[in-house]
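Student: Take this structure, written in structure tokens, and hold onto it; I'll ask about it next.
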Ligand code: HDD
């Protein structure tokens, strides 16, 4: 007899239950399995809904005999397992998603007929997926890479997918080069490595022969390529799109996401170490903050302009390697996106979500950007292959959810048809059924654009300047950020084995600016800087810097969303740790205690200080700022632990603000920490204030060579 779900009888331990059921006798009547450790468990069932009476043993002919082919429980279980994987995305394979909503705060009525942008206060459900581009699904989060920022809006008029990145420009101008770009950056096809890295010959070979990528390279080599958190990343629609109003008039639009927590990045050496310490650094951060109720939030802002404005630039607004600086065309904030729910099942939702650039709603339209035009095909195509057929939009995460947008059309059948469309009529025009769906011309919002020209494979002359905005971006960075760009080029090119490729990249950089090329050449140990690569259009040097393109120039002083790591040992003052924790929490930070043993340490007054991490499991790279709450004896003991010494020396090298008790000196000395503005002793308030201001950038020249 099987126990009912509501039977409260408790079986002592899982192990005991398993043992009694797996060794020496048949389960058959083993209803106890439904209740373990006080829980009430429903019966396990097959895909066909049949109760499974034994999930521990195959059906055998005799106790030690062969397994029987009629064991349908075993067959179903294993066959399903054998087919559990689908092809991973060819790009953006590694990603993480969450649900939430978009709320309109400023109406674009009159500019677009799209309902999502008309009535302020309208809340539209969203599914958002962040990703790296090059790495495979099982790679690590903190790679140097572009981050995908894809949002599916379940609007009341159907789904709109805004499939963007955390960088406002792109590597190439024409979609026909996308295959080459991705082939060059993914693992090399003969050897299958390196994964999740652009630092190898094929990428830089392609990049150095593709000067249009130069602007994007500046961005990827900047700290934007190693974000601190998905929550601290900007997002961009990149292309110029069109908004269309009821009169059929068009306004150009560029979309921007701005994180409430401000933009923040990692330090390269820190990112490398994070990838070992916690390959899931970004996904864990997103999951945990949503679980904790600290819902990540972004503003959605737009840049709106017309043809006359577009014509003023000497670059083309259809060229995705260019941006319009905010200082020339300010952002208008029109809403906010809040991610407030983690997925229930990673595969069902995050893996199966299918973003398609061609999914737009009335009032939002494409432009002739040749990159955007090419994307319109690729996304649907890849979903059909990834998700096994043309009905991928019937998977719940991809279904339209807006009230008033049921799926009604003449498409029928195909693999995995789940939502049966009713009736006899599956064609149009038809007369047999009065309620069969009909086209509705009022929803038309295709912009009536006049097209002229010869049919040609050509790159417009207006797409010809590849260096001016690359220089403008570099000039818009603070000195620290510029140093990081130079260091990133040096690191990446140091991994390139083919000398002529290395030299060609530097010679392309000389087209941006001779000093940039000289600095990179010096860092690579080149005897002289290679001459500039021949170019048709030289960089303009008169473009004004755009401070909005710098992360540091607009970094907010806040501890919100940041993590404080507090190192303790036997002899630590527990009360001090408690009050530091309370103060950090009040400022919106997370606080973790790192102890030599995960069970904690014994405080000066003999109490247990609970640990969140053991030293080896909680290296300082996982925290934005650190505090050493140590007695002198505790510090002396830790000075003999290489893990503790590295914990401190890394924090120092990664320019973290370090708060410390005076007792911690033996460990600080052993770790080579020297006093500076970012080392604060015995003053918790001053420490937290300094930590909120960010890293100790002035320390950098003391800990690494600036080329
Ligand atoms: Fe793409 C996925 C962003 C150009 C072809 N792309 C993909 C994703 C993002 C972007 C964020 C992951 C979506 C998700 O989370 O599932 N892609 C961009 C941006 C581009 C861009 C911002 C330029 C501005 N992409 C681009 C081109 C092509 C593709 C030019 C092909 C011609 N992209 C794909 C794809 C992917 C994809 C192969 C792989 C998985 C998928 O579509 O769903 O179709």
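One-based numbering along the chain as shown.
Placement of Cβ uses the backbone N, Cα and C atoms for every residue, glycine included.
Computed from a predicted structure; not experimentally measured.
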Student: Do you know which of 421-450, 451-480, 481-510 TrEMBL annotates as region 'Disordered'?
Tutor: 421-450
Student: Report the candidate from 89, 94, 332, 336 that shares the heme site with 129, 178, 375, 379, 386, as recorded in TrEMBL.
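Tutor: TrEMBL names 89 for this heme site.
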Student: Summarise the compositional bias 'Polar residues' (427-449) by DSSP state, stating how many residues are helix, strand and coil.
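Tutor: Here the numbers are 3 helix, 0 strand, 20 coil.
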Student: Any idea what DSSP makes of residue 386 (heme binding site), helix, strand or coil?
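Tutor: It is helical.
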Student: For residue 92 (active site), what is the secondary structure state per DSSP, taken as helix, strand or coil?
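Tutor: The residue in question, residue 92 (active site), is coil (DSSP, three-state).
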Student: For residue 89 (heme binding site), write down the residues of its own chain that are at least 6 apart in sequence and whose Cβ falls under 8 Å from its Cβ; none is a fine answer.
Tutor: 95, 131, 137, 382, 386
Student: Could you tell me the C-alpha distance between residue 92 (active site) and residue 129 (heme binding site) in angstrom, no decimals?
Tutor: 10
Student: Checking the spread of the heme site as listed (89, 129, 178, 375, 379, 386): what is the longest Cα-Cα distance, in whole Å?
Tutor: 21
Student: Pop the Cα-Cα gap between residue 165 (active site) and residue 129 (heme binding site) into the table, whole Å please.
Tutor: 11
Student: Secondary structure at residue 379 (heme binding site) (DSSP, helix/strand/coil)?
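Tutor: Once the DSSP labels are grouped into three classes, residue 379 (heme binding site) ends up as helix.
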